[in-house]
């Protein structure tokens, strides 16, 4: 297992390098001139050219790439073109709000999604199954930005129960986490149901029932453990989805996180911040998949990696 983990970690190097190249090319193909945006609409050509020189945008593209990649290897992503602060500081100040929002959304989505999926599987083709799957399909179909605006209108504007902006208290997390986790809970419910339906028809489940084990214990002890492997896969993928999906939700709720920072950076063509954030998201996806693979072996000892 240790050798497998080490090999996967070493595989990060070429993957992140390829991502770095693609991101660098992508941001430099974006329409618009960051120097003009930073200088302002009233700036003349001389001022814009001076800003370009200060930002290093007057240098050849290959020189800019070498400067970017050589510094990135050392953990230095440069300065933000807009704030002139170190990119690492910009990301660090926004990281925790996004992380806590993602964790909060994931926790409630997994709990409610798995519960709904188990109930739907146990009472298959009956009203609990139909009700759970109807709600799940609705959760998948409803766009996050529309759900967010609806929740703001009802619970903040009309009822005045919850705040709409900020991340200072636990109340600020309720509406964004509900918005962000709704689609994940729906996917988890459908995936858990499909996995449990297969497990409930296995021979060892019938054997446990024949021995007189209660249905609740059969479902929780024998069914849950064996149905968890595909569900854990989906949990890992959905956690990555939450990190990426937070971009829309953070914009709707004016959340002070990485998603809003990325949107603002794209609007201002802040190349260093865009490159560093996408690299961070890529690293998170890779590490999440590695954690999921390790959890496989913990859930099912028959699985071994070489």
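We number each residue from 1, going along the chain as drawn.
The backbone N, Cα and C atoms fix where each Cβ goes, glycine too.
Positions annotated as topological domain 'Cytoplasmic' by Swiss-Prot, on the basis of a curator's inference: 1-8 (among others).
If you look up Swiss-Prot, you'll see 9-29 (among others) marked as transmembrane segment, on the strength of sequence analysis. Packing against the transmembrane segment (9-29) from elsewhere in the chain are residues 61, 64-65, 68-69, 72, 269, 271, 274-275, 278-279, 282-283, 286, 290: each is 6 or more residues past its ends and has a CB under 8 Å from a CB in it.
As a summary of secondary structure, the topological domain 'Periplasmic' (30-102) carries 46 helix, 2 strand, 25 coil according to DSSP. Annotation source Swiss-Prot lists topological domain 'Periplasmic' at 30-102 (among others), citing a curator's inference.
Marked as domain 'ABC transmembrane type-1' by Swiss-Prot: 95-292.
Look at Swiss-Prot and you will find 103-123 (among others) tagged as transmembrane segment, backed by sequence analysis.
The annotation topological domain 'Cytoplasmic' is assigned in Swiss-Prot to 124-134 (among others) on the grounds of a curator's inference. Within its own chain, the topological domain 'Cytoplasmic' (124-134) is flanked in space by residues 116-117, 189-190, 193, 197, which lie at least six positions past its ends and keep a Cβ under 8 Å from the stretch.
The transmembrane segment annotation in Swiss-Prot covers 135-155 (among others) and rests on sequence analysis.
The topological domain 'Periplasmic' annotation in Swiss-Prot covers 156-168 (among others) and rests on a curator's inference. Remote same-chain residues near the topological domain 'Periplasmic' (156-168) are listed as 97, 100-101, 174-175, 253-257 (criterion: CB distance under 8 Å, separation of at least six residues from the stretch ends).
The transmembrane segment annotation in Swiss-Prot covers 169-189 (among others).
Residues or ranges marked as topological domain 'Cytoplasmic' by Swiss-Prot: 190-228 (among others). According to DSSP, the topological domain 'Cytoplasmic' (190-228) comprises 33 helix, 0 strand, 6 coil.
Residues or ranges marked as transmembrane segment by Swiss-Prot: 229-249 (among others). Using a Cβ-Cβ cut-off under 8 Å and counting only residues 6 or more beyond its ends in the same chain, the transmembrane segment (229-249) has close neighbours at 98, 101-102, 105-106, 109-110, 114, 144-145, 148, 176, 179-181, 183-184, 187-188, 191-192, 195, 255, 257-260, 262-263, 281, 284-285, 288-289, 291-292, 295-296, 299-300.
For the topological domain 'Periplasmic' (250-277), same-chain residues at least 6 beyond its ends with a Cβ under 8 Å from one of its own Cβ atoms are 20, 23-24, 27-28, 30, 32-34, 37-38, 68, 72, 77-82, 87-88, 90-91, 94-95, 97-98, 101, 144-145, 148-149, 152, 164-167, 175-176, 179. Annotated topological domain 'Periplasmic' per Swiss-Prot: 250-277 (among others), in sequence order.
What Swiss-Prot lists as transmembrane segment is 278-298 (among others).
The topological domain 'Cytoplasmic' annotation in Swiss-Prot covers 299-306 (among others) and rests on experimental evidence.
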Residues of the topological domain 'Periplasmic' (156-168) by DSSP state, where helix covers H, G and I: 3 helix, 0 strand, 10 coil
Segment confidence, the topological domain 'Cytoplasmic' (1-8), expressed as mean pLDDT: 72
